[in-house]
Amino acid sequence: MKRIPSIRERNIVLIGFMGVGKTSVGEQLAKRLFRDFIDVDQEIEKTWKMKISDIFRLKGEEAFRKIEREMTIDYCTNTSLKVISLGGGAYMQDAIRTACLDHCIVIYLDLSWSLWKERLNVLIDNRPVLQDKKVEEMEQLFTKRQPTYQKNSFQVETDGREVAEIVSYLEEVIKLGWEIYGS
């Protein structure tokens, strides 16, 4: 039987809608906690030697979600001491969500719709799920995903906060959790 990692060893998984800052926060948080950082989307691109948008276009969303599911579950169940950033839609898959909640500390980076919408021009070209969508459709997707993101270990509001401030807050909360819950 596989040993369950202690609270200090558990991977930390960052979830939230695309473009909320999971990668930026994750990279800095990993450095602060002396852990490796894994961006699942970047790992998929490395493994498949193509952009996510090309995988969507050539293989379809269903094939991409299967790749994403297998890779994410492997990271959650077979590694420790990592900070892992998930793509915005990954956590919508039941199997991924279950693996994350059972084996990791799941942190939801929450950003309001109004502030997310301000980032839209920067995001749209690299997000296949947003291609050819109207703003109203994007808002529907944003709203639809919120209840699933609420299933987490804890949540941090990111509105009006710089990445460094979010990282410092998370480091403090995580270390406090380690003290309270021990090994």
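Each residue, glycine too, has its Cβ placed from N, Cα and C.
When Swiss-Prot records Asp41, Arg65, Arg145 as binding substrate, the matching candidate from Gly88, Gly177, Gly182 it lists for that site is Gly88. Note: the CA-CA distance between Arg161 (ATP binding site) and Asp41 (substrate binding site) rounds to 24 Å. Ranking the binding-site residues Asp41, Arg65, Gly88, Arg145 by Cα distance from Gly21 (ATP binding site) puts Gly88 first. DSSP gives Thr23 (ATP binding site) a helix state. Arg145 (substrate binding site) falls within a helix when secondary structure is assigned with DSSP.
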